[in-house]
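K.L.:
According to TrEMBL, the protein carries these features:
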- 1-40: signal peptide (SIGNAL)
- 37-146: domain 'CBM2' (DOMAIN)
- 141-168: region 'Disordered' (REGION)
- 150-167: compositional bias 'Pro residues' (COMPBIAS)
- TRP207, ASP209, HIS349, TRP352, ASN389, TRP487, LYS514, GLU518: substrate binding site (BINDING)
- ASP249: active site (ACT_SITE)
- ASP296: active site, proton donor (ACT_SITE)
- ASP520: active site, proton acceptor (ACT_SITE)
Amino acid sequence: MKLWSRSSSSSGRYKAAAIAGASGLVAAGLIGLPAGMAHAATQCDVAYTTNQWPGGFTANITIRNLGDPINGWTLGFTFANSSQRVQQGWSATWTQTGSQVAAQNMSYNGSLATGASTSIGFNGEWSGSNPAPTSFTINGVSCNGGTNPTTPPPTSTPPPTTTPPPVGDRVDNPYVGARGYVNPEWKAKADAEPGGSRISNNPTGVWLDRIAAINGVNGGRGLRGHLDTALAQGAGYIQFVIYNLPGRDCAALASNGELGPTELPRYKTEYIDPIAAIMADPKYRNLRIINIIEIDSLPNLVTNVTPRPTATPMCDTMKANGNYVNGVGYALAKLGALPNTYNYIDAGHHGWIGWDDNFGASATLFAQAARASGSTVDNVHGFIANTANYGILKESYYTIDSTVNGTSVRQSKWVDWNRYVDEQSFALAFRQQLIAAGFNSNVGMLIDTGRNGWGGAARPTGPGPQTNVDTFVDGGRLDRRIHLGNWCNQSGAGIGERPTAAPAPGIDAYVWIKPPGESDGASREIPNDEGKGFDRMCDPTYPGNPRNNNNMSGALGDAPLSGHWFSAQFQELLRNAYPPL
Ligand code: BGC
């Protein structure tokens, strides 16, 4: 999925228009440069197209270099209407000052040979009117050679009818050029918190965490309700978490589920089949339906089984009976049979799968699951790292190759011989391992950045002292957890990168799958009918177990059951957001 850049703007327009369904192509500007203008070295052609809906729009921009080869570019343009704002961009670094917008190349798309083009884009907001910019510059030199851009039609013009994409026409990266579904139920909870509206318009995952969730629990929407609301929003993609395996959460207690270890038949007929039947409704054909498959399940079968010291009886059972592998295979096959679904398998995170013993073995097991129950690897669009976890996206002040007085940081207590220090480096390396294990070469990675910001006053501003590897790593690491294995309601965490499409080659998107503000687990025993147990990793007084090397849990106190709203955590996530809000 990494190939978000399109070879021709016409195919780009086709895809964008087709996927947007209800909106279509509403504005187009094409600016050519005549030969012989003053700045002969820089000649360019910029195509700017949008899909818009009330209040929002997606812009796709193709820059074509008609002059000498360019090494590094900045695109500039000015919005005509002061309400027009860039919200999230991709394939460039976007900044906006007043109405002036600049997009600077990423490291991988800065070189443009003569005649070469590159595509970038952004999601934006507007009110009143949303005209296309009338001129563009590259490196400060105008691309506007006098050709007037096509005047966009008035925004009240009904969108053109679009043809649904042909069956099987999956796009390479479902996040590019599409607006994400904003779950109104999560948004309402976020908006009810002071300052919550600063993040409440972001797409978050919808967790189908029990059979009853298909029809809706506690008065909330079911699967159809979310899909219908996504259509009403004009969303291009929607993200679901498929999370109800038999014997779920075998190494912990906080998210145990409703199905016992042998209930694979119920998983198939009462859970996956009805979900697939609803998603198959032709009215959802133009929505890109992203399914995140079974958090933590397969990684648990690698690391928390006999003879590891971290083994649990339930993980041993689920490995022996094959119901995780067969359940995942079944979900992949059923959901992957639909033309507009995108399956991403959960791949744990660097503080779990990043050790040599776990890395290759996990990729091998994932490939086995992808071929179980009649599935093939073609049903796997990609993988997700860091779901509901807190691993930092990128460390700033050390890498895995850093040394102190000749000693590798891998020998520090924090890194503890892991091969990775952050999620981005892990995700990119694991992608290669997965391809080597038999997955398609265009699989894409997602990283859950909802709660891995680690900003606020405690964030280091430089490397740690070079006394030894521990002072160096502990003084400079942005991830402030007590131990890398801590996972429940982590004290000090903040909102991370906002959802972003195609932030780097190989990464389809930064996403918020665990909705910020929803608890990871109760900090004490709370009776419930959701099958959830009490995991002491959610108790701030717990001194730990072998999975976190017997460290304190680092959890916030007074937490409700997993999935329930945790106002105090939400407030802290806002305070410690990084990038700051
Ligand atoms: C819980 C689910 C919940 C999800 C999202 C999981 O840990 O077990 O019930 O929907 O988190 O908050």
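Yeah, the Cβs are placed from backbone N, Cα and C, and that goes for glycine too.
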K.L.:
Given the binding-site residues TRP352, TRP487, GLU518, return the subset with CB under 6 A from an atom of ligand 1, ordered by sequence, or none if empty.
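P.N.:
Within range of ligand 1: GLU518.
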K.L.:
How big is the gap, in Å, between the Cα of ASP520 (active site, proton acceptor) and that of TRP487 (substrate binding site), rounded to a whole number?
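P.N.:
It is 8 Å, counting Cα to Cα.
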K.L.:
With every protein chain in view, what's the tally of Cβ atoms within 10 Å of the Cβ of TRP207 (substrate binding site), excluding that atom itself?
P.N.:
24
K.L.:
Suppose we draw a 10 Å sphere around the Cβ of ASP520 (active site, proton acceptor). How many other Cβ atoms does it contain, all chains included?
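P.N.:
Summing over all protein chains shown, ASP520 (active site, proton acceptor) has 28 other Cβ atoms within 10 Å.
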K.L.:
Looking only at Cβ atoms, how many others are within 10 Å of the one on ASP209 (substrate binding site)?
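P.N.:
A count of 22.
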K.L.:
Taking the domain 'CBM2' (37-146) alone, what is its mean pLDDT?
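P.N.:
When the pLDDT values over the domain 'CBM2' (37-146) are averaged, the result is 83.
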K.L.:
Select one residue from HIS349, LYS514: among these binding-site residues, choose the one with the most other Cβ atoms within 10 Å of its Cβ.
P.N.:
HIS349
K.L.:
Work out the three-state DSSP category of TRP487 (substrate binding site).
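P.N.:
In three-state terms, TRP487 (substrate binding site) counts as coil.
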K.L.:
Between C-alpha atoms, which of these binding-site residues comes nearest to ASP296 (active site, proton donor): TRP207, ASP209, ASN389, LYS514, GLU518?
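P.N.:
Nearest listed residue in space: ASN389.
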